[in-house]
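Shown next, in structure tokens, is the structure this report addresses.
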Amino acid sequence: MAFVLSLLMALVLVSYGPGGSLGCYLSRRLMLDARENLRLLDRMNRLSPHSCLQDRKDFGLPQEMVEGDQLQKDQAFPVLYEMLQQSFNLFYTEHSSAAWDTTLLEQLCTGLQQQLDHLDTCRGQVMGEKDSELGKMDPIVTVKKYFQGIHDYLQEKGYSDCAWEIVRVEMMRALTSSTTLQKRLTKMGGDLNSP
């Protein structure tokens, strides 16, 4: 009986360690997926951005919030998650299917979904009871407004090729910022369960 109890205790301790399945660490895989998504977005370029200069718009990327030190660790994870979720939602539509090479678009959506899946394993552990407050956080509201502006712009421009090209370039900026945020979270310790 003592042996079984010792074995169970050891199993619990290992589960919560860096190599355990219950710890919530930002993995190297997450960063590799992020880089691959940026590479795919770059390959999706169909038009010269210079030919679409008349369609340029400042969407108000909250770059200083994402890349600066404004976010606390408990805010950084939900912001990262929301940015990836909104990016996925933007590209996983009928309108985007008509605008892009289907293979590249599917690969991008799969890559974004893989990042979200990895973060989903952490989400419940990190957010816990705070999840109900997620939609009320100012940084989350800022991210949602940013993406709503992108959706509104596309609709206003009739989902034209130039509008999508402007959005593609903007999404490269946004995903680069989210990658910077991932790196910041990793520097904060990577373990999203710690304070």
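In case you wondered, yes, glycine gets a Cβ from its N, Cα and C as well.
Per Swiss-Prot, the residue from C52, C109 that shares a disulphide bond with C162 is C52. Just so you know, the Cβ of C162 (disulfide bond) picks up 16 other Cβ atoms within 10 Å once every protein chain is counted.
Between C52 (disulfide bond) and C122 (disulfide bond), the C-alpha separation comes to 40 Å.
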